[in-house]
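Scroll down for the structure; my scribbles are underneath it.
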Amino acid sequence: MATLLRSKLSNVATSVSNKSQAKMSGMFARMGFQAATDEEAVGFAHCDDLDMEHRQGLQMDILKSDSGEEGAEPPLEGDIHYQRDGTGPLPPSASKEGGVCSELSGQGKPKITAWEAGWNVTNAIQGMFVLGLPYAILHGGYLGLFLIIFAAVVCCYTGKILIACLYEENEDGEIVRVRDSYVDIANACCAPRFPTLGGRIVNVAQIIELVMTCILYVVVSGNLMYNSFPNLPVSQKSWSIIATAVLLPCAFLKNLKAVSKFSLLCTLAHFVINILVIAYCLSRARDWAWDKVKFYIDVKKFPISIGIIVFSYTSQIFLPSLEGNMQNPKEFHCMMNWTHIAACILKGLFALVAYLTWADETKEVITDNLPSTIRAVVNIFLVAKALLSYPLPFFAAVEVLERSLFQDGNRAFFPNCYGGDGRLKSWGLTLRCALVVFTLLMAIYVPHFALLMGLTGSLTGAGLCFLLPSLFHLKLLWRKLLWHHVFFDVAIFVIGGICSVSGFIHSLEGLIEAFRTNAED
């Protein structure tokens, strides 16, 4: 009798704990925590990967309630752990077409308003990488300002057409959502001959962008600390090693619950830093060098500026999931309009004002131009933000790699990196540590923030934001498109392709030269 009573009390406590986690996760989602540091294009691919804790908490409640129904089979020990990967039992209310994503987009998951969705998009395109935009104006002049506006318009448009690719008409002529993610759209475009090719291409692009984002965080941390304390006998490479030592525990992350608690504070701190930089620049308005803003461009370095600008607008990878989680998806277009208009204005003003203040002395990271009295304080806050933001893209990259290579059922290339009890195997942990070390090695041998940012923007940024959305839109909906939509899609694909190739070549040349220089030293 006593054993039975203890068992019941234990079950009740577990149920209350799971429901409490679900409510807390929902609260964080509503407050904007779920994507607060998506500024580095940390996407919600694969049915909202970065909203993992929120979905897992709700799904655990669903599984536990379903397992108690009469005639239902109890889930296996590892099912709840792998529910995020779609290998656990589906709830009865989940449709065959939508699967887990359909269930999670339904009434069980708290929806977000257009303002909350706009907050997520704003964080995605107004992140700390705007600190490199004044350097883009240095090599592009007024054309760089035009590109900031042009990129905002194009990214807003491609975000809308990407969402349009999620919908199709059913037999009754109604527009219904038949896809849930960027990967689903890519796979649909390559079906039936290559049903998984498109998804693998998107996954590769996403992994490259996420890993490069991690590298940029290590680079910017070493750069900022070195320029904040130039009198210390510590090189930039040494600062990068110290930063990586702090980040090494990221390899042991099981979820993002602890990290997500700091995301909103990091974002708010970044906005404060931007305001401080602008305030300092305005205080020197009398000395602004308007004559330094050129109408001509540096042919060799301007393509790198294109990649920097494009990278600062990357958000397409998580838009499908964000739109699916909105209370009123019809407000998505309006939300995209005002977020990108605000981003365009703020980025343009920030880049121009900062460049006018320092002109030809503008550095790759604009805070390095600040006086030493305030530079150290501002840079320390930025380093703290970079270190706290690192786990998000790292964890997302690990999720995609594990899902694609180790947990893809019979299609997996390697054995499962998790044991039967849901714990990460030792060799899987070793691979995670190796990924952290890889980001350090790249940061040491190529410690150039602008070059890495330009390369990433030209390669994956232009591909995910310009090329693929326009191509998918033409492929899936070309019969229903008006002529001006076809024209826009083709123009964006051509212009984006030219800018991508040009920026990639020049950025790669700069990186190779920098790599040789560092190797000789």
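Residue 1 is the first one shown; counting continues down the chain.
Cβ atoms here come from the backbone N, Cα and C positions, even for glycine.
All annotation found in TrEMBL is predicted automatically rather than curated by experts.
The domain 'Amino acid transporter transmembrane' feature in TrEMBL is assigned to 111-507. Taken from TrEMBL, the feature region 'Disordered' covers 66-101. Taken from TrEMBL, the feature transmembrane segment covers 143-167, 207-226, 262-282, 302-322, 334-356, 376-401, 429-446, 452-474, 486-505.
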Among 143-167, 376-401, 486-505, which stretch has the most Cβ pairs under 8 Å to the transmembrane segment (302-322)? 143-167
Most CB pairs under 8 Å with the transmembrane segment (207-226): which of 262-282, 334-356, 376-401, 452-474, 486-505? 376-401
Considering only the recorded stretches 143-167, 262-282, 334-356, 376-401, 486-505, state which has the highest number of Cβ pairs under 8 Å to the transmembrane segment (452-474). 486-505
Which stretch from 143-167, 262-282, 376-401, 429-446, 486-505 shares the most C-beta pairs under 8 Å with the transmembrane segment (334-356)? 143-167
Here the stretch out of 262-282, 376-401, 429-446, 486-505 with the most C-beta pairs under 8 Å to the transmembrane segment (143-167) is 486-505
